[in-house]
Amino acid sequence: MDIELSYKAKQVMANCIAMAEQAFKRSFPIPSLTFNVRGKAAGKAYLQLNEIRLNPKLFKENPQAFLKEVIPHEVAHLIAYQVYGRVRPHGKEWQGVMEAVFKVPAKTTHSFDVASVQGKTFEYRCGCMTYPLSIRRHNKVLRKEAVYSCQKCRQPLSFTGTQLS
């Protein structure tokens, strides 16, 4: 991971913690930060470990969005857990931390271009449309561990034989 980006990420994390300490009038431990999330997820918060993991490839491609949105998003999960205990991941407690404490819109998903991190996908079909399935889901179908169904017509999806990416 780029040293400068890593430093900026830690600064943003520390600023978020400082804002939370001021808002809740208590101290919070500084979370550990790693850069080992893969796939399409931008980041993950591990509540019991007080750890934030970020996707290094998406971070390098979208540094400003990570610093302004993704890192506060993940820190807000940790703060909500430490203040309120087990709550819904994007529930009112988390939204309150995002909007009232961090002054960041409480968005639950990112809109980054994921072409550089997207794994292989395979085309599946039902009675009304086609679906791209990830390699993980495709392999579960092949091993007969899962059957996926269309959300519209409820028919089981079947592999067309085409790899999309």
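Any Cβ shown, glycine's included, is placed from N, Cα and C.
On the 0 to 100 pLDDT scale, the model's mean across the domain 'SprT-like' (21-158) is 95. The domain 'SprT-like' annotation in Swiss-Prot covers 21-158.
Per Swiss-Prot, Zn(2+) binding site is recorded for His73, His77. Same-chain residues at least 6 positions away in sequence with a Cβ under 8 Å from that of His73 (Zn(2+) binding site) are, in sequence order, Gly43, Met98, Val104, Lys107. In the three-state DSSP scheme, His73 (Zn(2+) binding site) falls into the helix class.
Shown in sequence order, Gly43, Lys44, Ala45, Ile52, Leu54 are the residues of the chain, 6+ apart in sequence, with a C-beta less than 8 angstroms from the C-beta of Glu74 (active site). The active site annotation in Swiss-Prot covers Glu74.
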Chain-internal residues near His77 (Zn(2+) binding site), provided their CB is under 8 angstroms and they sit 6+ positions away: Ala45, Leu47, Pro89, Trp94
